[in-house]
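Taken from Swiss-Prot, the feature domain 'RWD' covers 9-117, and the record attributes it to sequence analysis. Residues annotated as Zn(2+) 1 binding site in Swiss-Prot, with similarity to another entry given as evidence: 124, 127, 147, 150. Residues or ranges marked as zinc finger by Swiss-Prot on the basis of sequence analysis: 124-191. The Zn(2+) 2 binding site annotation in Swiss-Prot covers 142, 144, 187, 190. What Swiss-Prot lists as region 'Disordered' is 261-513. For 271-297, the entry in Swiss-Prot reads compositional bias 'Low complexity'.
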């Protein structure tokens with residue numbers, strides 16, 4: 001009971017000295033907690049007080065025979081090291097005075113340390129530079145310190161933001177008018193409202209910002225940098241480093257890339273290959289003749305596929321099905337002769353396109369081309385005589401051109417006769433098809449030529465009027481009629497004139513006419 005009365009008497013004395021600054025509470029265990037906000041002793045000059053703290057002393061039920069536990073809260077202007085040393089010194093003094101009242105002695109000791117340390121520690125949180133002697137700084141009501149000029153610039157910027165915020169609130173029609181938001185400039189550290197004189201702050205001199213000298217790179221730093229560089233390279237190789245620029249361009253599509261050549265792409269059709277070969281420019285007569293020869297081969301190959309498809313559809317009796325590649329590819333005789341004549345005409349074109357400087361060169365070139373032409377036509381003379389009984393004119397073959405004009409005339413004559421030969425060759429075939437002999441032999445004597453194949457239907461695939469897509473065929477007709485591509489027994493309406501025009505168009509495309 002005597003110990004408790006001693007504690008109560010000591011607390012009453014402290015309350016009479018520090019008045020309202022002292023805060024005393026009693027806990028459930030019978031102990032007491034005494035706390036006090038301390039400032040430096042500056043003769044009550046609040047503007048000169050740059051540091052402060054809250055000293056808390058916890059007393060147990062055994063006090064004063066046990067030392068109180070001392071803690072510091074809410075420090076301002078003091079560094080961590082300073083606070084740690086202050087707490088240790090007070091705790092040591094309390095342990096030395098065990099058995100006697102020590103609260104007043106601890107409070108005064110802490111106030112003395114604050115007075116000695118009444119210099120703001122740390123740096124200005126606005127400019128991040130330390131405080132130096134001669135610089136003008138300001139202490140706020142929350143005991144935070146700034147250079148006066150830095151604080152003035154901060155307040156100016158904050159006021160501009162507040163005006164923008166007020167304008168936004170006025171334009172906002174959805175906000176509640178009853179709840180007005182209080183806008184004020186706050187401390188950049190603790191967000192407590194500030195009281196300030198803006199003109200006085202801006203008139204203060206700006207702090208001197210020293211330039212940081214270039215650090216001297218030592219050997220240890222270089223070694224460390226090399227080791228880190230190796231780690232960086234290893235991480236890049238394993239994909240551990242993300243490059244923002246490379247990731248942003250990862251799915252970027254470049255439109256300036258060269259187009260893909262269709263002729264180099266596998267799986268393309270023959271027609272696409274022919275179109276790509278036709279689009280390529282030629283730089284010499286040899287390349288021109290080579291390109292034309294490849295085009296002729298593609299052109300000669302396409303009718304063969306069409307002809308074979310017609311045969312398959314004719315065999316089925318219904319032409320609406322899709323025919324695949326034929327099993328037996330038999331070349332047509334007219335197509336072979338046409339390809340040979342086109343090759344001979346291409347050679348004449350290459351001879352005409354060459355430079356002619358003298359008359360002797362022209363004559364020698366023409367004679368050489370005439371000899372080649374006579375050899376080619378000699379090979380074709382026998383089948384043409386047996387099938388058509390109309391051989392090629394000997395006067396035209398034996399005549400020797402004397403200049404480029406005669407060579408071109410000879411080419412035109414040959415082209416016309418080839419056209420007429422193919423036209424005459426197609427008429428008997430069409431007559432045989434038109435009669436519609438339902439049970440006639442496929443190897444009948446009506447076919448001309450000992451090598452005429454049963455699949456060959458003549459040049460009718462050039463005529464659009466007799467399309468092979470109709471139901472029925474040349475060998476099997478539904479009604480026993482004579483129509484080639486029709487179901488009924490009507491006559492075939494495809495005229496020779498239309499076919500002649502069609503053949504001439506094909507020859508003009510190939511460069512014969």
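Placement of Cβ uses the backbone N, Cα and C atoms for every residue, glycine included.
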If you count the C-beta atoms lying within 10 Å of each candidate's C-beta, which of the binding-site residues 142, 150, 187, 190 ends up with the smallest number?
190
DSSP-derived helix, strand and coil totals, residue by residue, for the domain 'RWD' (9-117):
47 helix, 28 strand, 34 coil
What's the most sparsely packed of the binding-site residues 144, 147, counting other C-beta atoms within 10 A?
144
How far is it from residue 124 (Zn(2+) 1 binding site) to residue 187 (Zn(2+) 2 binding site), counting Cα to Cα, in Å?
12
Can you tell me whether DSSP puts residue 187 (Zn(2+) 2 binding site) in helix, strand or coil?
coil
At a 10 A cut-off on CB-CB distances, which of the binding-site residues 124, 127 has the highest count?
124
Note the mean pLDDT of the domain 'RWD' (9-117), expressed as a whole number.
87
Can you list the residues of the same chain, besides 142, 144, 187, 190, whose Cβ falls within 8 Å of the Zn(2+) 2 site's Cβ centroid?
140, 141, 143, 188, 189, 191, 192, 194
If one measures from the C-alpha of residue 142 (Zn(2+) 2 binding site) to the C-alpha of residue 150 (Zn(2+) 1 binding site), what distance in angstrom results, rounded to a whole number?
17
